[in-house]
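Enquirer: Have a look at the structure that comes next, please.
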Amino acid sequence: MSLQVVSAVSNSSLLQPGFSLLNFGGHVFFFGQKGWPKRSCPTGVFLLDIKQNELKMKPAAFSKDSCYLPPLRYPALCTLRDNAEFDECQYIIHGGKTPNNDLSDKIYVLSLVSKNSKKIMFQCVEKDLGGDVPEARYGHTINVVHSRGKSMSVIFGGRSYTPLAQRTTEKWNSVVDCLPSVFLVDFEFGCCTSYVLPELQDGLSFHVSVARNDTIYILGGHSLQNNTRSPSLYRLKVDLPLGSPAVTCTILPGGISVSSAIVTQTGDTEFVLVGGYQSDNQKRLACNTIVLEDNKIEIVERVSPDWTPDIKHCRMWFGCDMGKGSVLLGIPGATKQLISDANYFYILRCKGAEEDKEEEPAAQICSQTSTEDPGDSTPFEDSEEFCFSAEANSFDVDDTDTYNEDDEEDESETGYWITCCASCNIDINTWVPFYSTELNKPAMILCSSGAGHWVHAQCMDLSETMLLRLSEANIKYFCNEHVDLNKGLQTPKKVVHLKKQPMKPLGKKKTMKLSTPMKKSFLRRLFE
């Protein structure tokens, strides 16, 4: 086992706890940034390139028929292969946290559609599920099992927020262990079925699961309820006959009390377990070899690498499987670097140079190596691991197309995240899509007052029907602050006065002449 230092990492501010790496044919892609994506990469998915100890990022695009994929932190991921003879695969993404710290219960399938030197295209499809749909969660695992020519996904573990009926003001955002139920998901029909097994008594999160054929082995994990790391080793066996599936669980001896451990495959049936925690404030520096055979698992201790003093003395560390027997490890470097979120990275190679060759994986690994943000329920939550699951190769990436965060426009003052009016409540850290046409940025409309300025449609209280009508029709729009002013400045419309036709006289009026005696008589009667 050899340890190599990655001396320079660019754009490290995007690499926050909880992100994931996806490996498509040896090419590594970043997914799951902490904030909402910016205009430079609206999908939030980047191609990563580690070359000469420097990390570069190239934005990836989604096809037009893709659904919206929010940046999810701490999700459960696994690969889904249609044919083991080909290297093409899809990624199943379930659960995780959105930038607003909302938990997702959706499940997505991400596929690589095309890749060339200039453009990378993905397709993302959201799967509709029915039946016993798993609740929104994070820190769990998902695996694919194969039995009798059928395939199903298995979801287990994780954490979720306290139910609304049980929340208090002091602990409104507190998290709890999910119930220890096993969920089978049939992607062909979109059906979910939950199983309660007597052997699984406590909820687990940030555990390790390794699947081979119809069997899943669950190792370690942390329980919030008991604040313990389970020493048990569970074997889940899934049988998929023509009728209802059957799930059985067996508790095996020889488990390891560890959480947030990392597993990497070094051979057809051999794996290496490294990293993790054996207590809240104590790292586990020992390494183990795991050998899987038919209905049998063997775990033995192996020689650990020569850890550097920085790794030995740091309070926490993080990392994940990079594939092909390599693990990416990191330690915080806030005390030694000017950038507070900067970290030191290492590549741990568990195979020798003569063994480092292309192999078709015969088993599937899913380890949750990312813990919670600081300030949550237990001290263990401060360990903040990243999720890495791909090998760092040197790719043919054009330097001109790589992502440079310094080129990103400051969207807190300009762009979509401006303060458009006095009552504007659009914030980049808390915004969620409001209209069906929105993806990763708020809808805006141009006010035609003066030189013109942009305002958020949501702040103007525009309905979706009105917004679509204004965008399709060639109509000038004035925001709420300028609509009255615009009316006052408008030139009054010319009023057409109707000409009145003079009325024709009915005829010459006849007057009656009174004699003098009659006038006197009339006046006397008037004043009597």
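Every residue, even glycine, has its Cβ placed from backbone N, Cα and C.
These numbers come from a predicted model, not from an experiment.
This is the feature table in TrEMBL:
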REGION    359-380  region 'Disordered'
DOMAIN    415-492  domain 'Recombination activating protein 2 PHD'
BINDING   Cys420, Cys424, Cys447, His453, His456, Cys459, Cys479, His482  Zn(2+) binding site
Enquirer: Does Cys420 (Zn(2+) binding site) have same-chain partners at least 6 apart in sequence with Cβ under 8 Å from its own Cβ, and which are they?
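Expert: Non-local contacts for Cys420 (Zn(2+) binding site): Ile426, Met444, His453, Trp454, Val455, His456, Cys459, Cys479.
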Enquirer: Can you tell me how the residues of the domain 'Recombination activating protein 2 PHD' (415-492) break down into helix, strand and coil by DSSP?
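Expert: So the counts come to 19 helix, 8 strand, 51 coil.
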Enquirer: Within 8 Å of the centroid of the Cβ atoms of Cys420, Cys424, Cys447, His453, His456, Cys459, Cys479, His482, which other residues of that chain place their own Cβ, given that this set defines the recorded Zn(2+) site?
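Expert: Near the Zn(2+) site, beyond Cys420, Cys424, Cys447, His453, His456, Cys459, Cys479, His482, sit Cys421, Ile445, Trp454, Val455, Met460, Asn480, Glu481.
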Enquirer: Return the count of C-beta atoms lying within 10 angstroms of the C-beta of His456 (Zn(2+) binding site), excluding that atom itself.
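Expert: So the number of other Cβ atoms within 10 Å of His456 (Zn(2+) binding site) is 23.
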Enquirer: For Cys424 (Zn(2+) binding site), what residues in its own chain, 6 or more apart in sequence, show a Cβ-Cβ distance under 8 Å?
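Expert: Set apart from Cys424 (Zn(2+) binding site) by at least 6 residues yet with Cβ under 8 Å, we have Ile418, His456, Cys459.
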Enquirer: Are there any residues at least 6 positions away along the chain from His482 (Zn(2+) binding site) with a Cβ closer than 8 Å to its Cβ? List them or say none.
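Expert: Listed in sequence order, they are Cys447, Ser449, Gly450.
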Enquirer: Test of understanding: give the count of other CB atoms lying within 10 angstroms of the CB of Cys447 (Zn(2+) binding site).
Expert: 22
